[in-house]
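Sharing a structure below in structure tokens format, with a few things to ask.
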Amino acid sequence: MKILFDVGNTHTTVALTENGKFFKIKRISTYSIQTEDELYAYLKVFFGETYDEVIVSSVVPNINHVFEFFSKKYAGKSAIFLNAQSYKGITWNVKIPSEIGADRVANIIAAERDYGKDAIVVDFGTAITIDILKEKSYEGGIIIPGFSMMINALFKGTAKLPKVELKPFNGFIGKDTESNIRIGIINTVVEGIGSVINKIKNENFRDVPVIFTGGQSKIIMDYKRDVIYDLELGLRGIYYFYESVVS
């Protein structure tokens with residue numbers, strides 16, 4: 001079985017798969033990843049004890065050594081780390097392809113494989129990223145603060161505003177401080193991203209799939225219905241990358 005690690009700034013998604021179509025998934029805190037032995041002991045409860053490949057998409061380079069040690073010790077070989085330069089199925093039309101986050105690379109790889117040569121991908125993580133694929137060429141994108149960053153900025157930058165739990169909220173006007181914050185953040189993100197997507201479409205292409213992914217995309221499912229929600233997009237991208245480098 002192949003074990004995939006999608007390492008984000010806050011959370012890491014771990015998935016076990018044989019063929020890249022069905023995933024057994026566990027989400028853990030990235031901060032909890034300290035040593036290969038602790039990681040193995042924790043994961044074997046959920047996934048068992050045997051892995052033949054370790055494939056990693058990481059935006060936290062200072063813990064990459066843990067996955068390399070994990071792979072060598074428990075899979076008997078080096079880990080495969082996802083990067084743009086090693087994937088030849090897409091043109092990376094940016095100044096420095098090596099600077100593209102591995103999570104964004106995985107999303108674009110899967111978008112091209114599963115949705116076609118054109119796509120707009122929005123990933124709701126610690127930061128929200130928007131990425132553009134045009135004629136199988138990655139044209140760049142946009143990075144904005146994510147939901148949690150906005151909440152923390154309000155909480156830390158003010159004397160009285162509370163740190164709220166972000167959850168769906170109906171309506172456009174809040175009746176208390178917490179609902180004010182929830183409505184403000186959710187509507188700002190939904191309307192802002194909608195406006196950006198429309199501008200991208202107008203400048204590049206009209207008929208293009210718009211794919212929302214990332215764990216926090218679930219927060220806005222009731223607000224934005226004219227898009228595709230694909231929560232396993234990045235995992236499939238990691239697996240497709242693995243297929244390309246071992247073929």
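Backbone N, Cα and C define each Cβ position, glycine as well.
Pasting the feature list from Swiss-Prot:
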- Asp103: active site, proton acceptor (ACT_SITE)
- Asp6, Val7, Gly8, Asn9, Thr10, His11, Thr12, Thr13, Thr126: ATP binding site (BINDING)
- Gly101, Ala102, Asp103, Arg104, Thr177: substrate binding site (BINDING)
- Asp123: K(+) binding site (BINDING)
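Structural setting of the listed features?
Taking the Cβ of Asp103 (active site, proton acceptor) as reference, residues of its chain lying under 8 Å away and at least six apart in sequence are, in sequence order, Asp6, Gly8, Ser57, Val59, Asp123, Gly125, Thr129, Gly234.
Under the three-state DSSP scheme, Asp6 (ATP binding site) falls in the strand class.
Its own atom aside, the Cβ of Arg104 (substrate binding site) has 22 Cβ atoms within 10 angstroms in the protein chains shown.
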Please report the number of other Cβ atoms within 10 Å of the Cβ of Gly8 (ATP binding site).
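Taking all protein chains shown, Gly8 (ATP binding site) has 23 Cβ neighbours within 10 Å.
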For a quick check of packing: other C-beta atoms within 10 Å of the C-beta of Thr10 (ATP binding site), how many?
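Excluding its own Cβ, Thr10 (ATP binding site) sees 15 Cβ atoms within 10 Å.
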What is the interatomic distance between the Cα atoms of Ala102 (substrate binding site) and Thr12 (ATP binding site), given in whole Å?
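Approximately 13 Å lies between the Cα of Ala102 (substrate binding site) and that of Thr12 (ATP binding site).
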So, in DSSP terms, is Thr12 (ATP binding site) helix, strand, or coil?
strand
Return the maximum Cα to Cα distance in Å (whole number) over the record's substrate-binding residues: Gly101, Ala102, Asp103, Arg104, Thr177.
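Binding-site diameter by Cα atoms for substrate: 37 Å.
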